[in-house]
Amino acid sequence: MARPKNVKHIFVTGGVISSLGKGILSASLGMLLKSRGLKVAIQKYDPYINVDPGTMSPYQHGEVYVTDDGAETDLDLGHYERFLDEATSQASNLTMGRVYKSVIDKERSGEYLGGTVQVVPHVIDEIKDRMAELAKNGNLDVLITEIGGTIGDIESLPFLEAMRQMKLEMGERNLLNIHLTFVPYIKAACELKTKPTQHSVKMLLETGIQPDILVCRSEKPLSREIKNKVGHFCNVNELDVIGLNDCDTIYEVPLMLLKEKLDLRVMKKLGLKKFREPNLEYWRDFCNKVLHPTEGEVTIGVCGKYTEYPDAYKSILEAFIHAGASNNVRVTIKLLRAEDAEAGSFDFKKEMQGVSGVLVAPGFGDRGIEGKISFIRYAREQNIPFFGICLGMQCATIEFARNVCGLHDANSTEFNKRTRFPVIDLMEQQKKVKEKGGTMRLGSYPCIIKEGSKAYDIYKKFLINERHRHRFEFNNTYRSALEEQGMVFSGTSPNGELVEIIELKDHRWFVGVQFHPELKSRVQQVHPLFHGFVAAAKEYEKGSRQMELTVDMPSFMPVENEPAQ
């Protein structure tokens, strides 16, 4: 595949340790370049052999981020969208598994004309062709590619070799490498240590790549002497050693990099003309609202199955930051482990003291389901603002059917195939699907909102498009029974068959959605559902918290279903 001309490439690599923030660095740099008038896109290359992260455990991978076109991708794409305010796509995330699968498929179909298929050139050429895929669409000025993993990992070597070859082919004015490293602060010596960075650069040099710019993560700011030392030992100009010390919120990172002039150094090295001066007043204002809210604090209880690993709910947590800023309050998250409410000893009155809203998060499988249902019942009966997302909406339906409509065995066929009242059931088009990977209802779908509903008050329009990731849906057989008891089906697919939004008539704020609104919340455009939920929690905190909670939650009594796993 011919590579598009005039597109400048920036590759972001990482060294010393993982989780330094390559995704935040890539997103921040992209935002700065966009603010100067350049057209920017970002993509993530992951070295694992999975074709995509769709079947990976949240404990290993964290959140699976779904794009409009239905790709199941790395959570870093969420950062790209939130910082750039640009949609990503299937082409924005490539795994080594997808590369190998493509090469093997081509070999099986005879595309290599009987040749011996090898890492060099076939796998490397496949990577380079994929790198050009995003560049050829969208009339780009700059394409930023984040390479996952840490320098020294054997899995990342093909990506690094592809980058090395591309730099040789394209020239230094068209491709540069930004290497993110770690400069630890040793408290006993009161000193920043540069040796790990030196060794990381040495390992990068062994692959044939000389970094053009070093970004050094550290606990404390880097002095000029430290920058000079790093530059001297790593063969990098002192001006190209960028300090990035710890900050209170990731949204401060673009402002820190602007102060360090990273964007100007990148533009100079790539021969980009000096575009307009960036106007980041809106970003500074957002950071100020995040760090210094003027209207108090609300606590939101987030009930989930993977609360030991908050990255499983990354977009939800970020959406609450956006909604907090838009409501001028600090949102404190209290993670609620669903299984705790199944043990029979969970003290709702004590543990939920001070909680002004309950969100039941997405997930899969029957572990913790009865606990989620208990939290939903508590929020419904205590009139606490409630928000259910995907599985959270399905659990809210089950709880309402059991405890309000008298369908005591109500359940989802995902958890109990023999339930007498399958209020949640497998979608018809999913019943013949055998494979797991990439086969759910994925991506953006339209939803029609009912006039006069809370959902309409929130969105203020009839037609919306939201992203989905599910196999199960509300069973329309039970729609009338639930409507008679006060449930409102306020959002459906255009043909009216698939329930997208539920709410309760006689509750201050009780909304469940089949889709994932957290995936579309951004700094400049907070998602209306999160804004509305936090606003309701803020109102609850101000007023209803003064009232005594008079109804005690009964001890947890599991429904006679299949044993929980």
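Note: Cβ is positioned from N, Cα and C throughout, glycine not excepted.
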Item to check | SER19, LEU20, GLY21, LYS22, GLY23, ILE24 bind ATP per Swiss-Prot; candidate in ASP69, ASP74, ASP76 listed for that same site | outcome: ASP76
Next on the checklist: Starting from the L-glutamine binding annotation in Swiss-Prot that includes TYR59, GLY363, LEU391, GLY392, MET393, GLN394, GLU414, which of ARG130, ARG471, ARG479 is the extra site residue?
Outcome noted: ARG471
Item to check | Distance [Cα-Cα, Å, rounded] between THR197 (UTP binding site) and LEU20 (ATP binding site) | outcome: 13
Checklist entry - Out of SER18, SER19, THR194, GLN198, GLN394, which has the highest number of nearby Cβ atoms, where nearby means within 10 Å of its Cβ, if these are the binding-site residues? => result GLN394
Item to check | Any further residue of that chain within 8 Å (Cβ to the Cβ centroid of SER19, LEU20, GLY21, LYS22, GLY23, ILE24, ASP76) of the recorded ATP site | outcome: GLY14, LEU25, SER26, HIS79, GLU146, LEU180
Item to check | Cα within 10 Å of CYS390 (active site, nucleophile) - qualifying recorded positions among GLU146, LYS193, LYS229, GLY363, HIS516 | outcome: GLY363, HIS516
Checklist entry - Given the binding-site residues ILE24, ILE154, MET393, which one's Cα is the least distant from that of PRO196 (UTP binding site)? => result ILE154
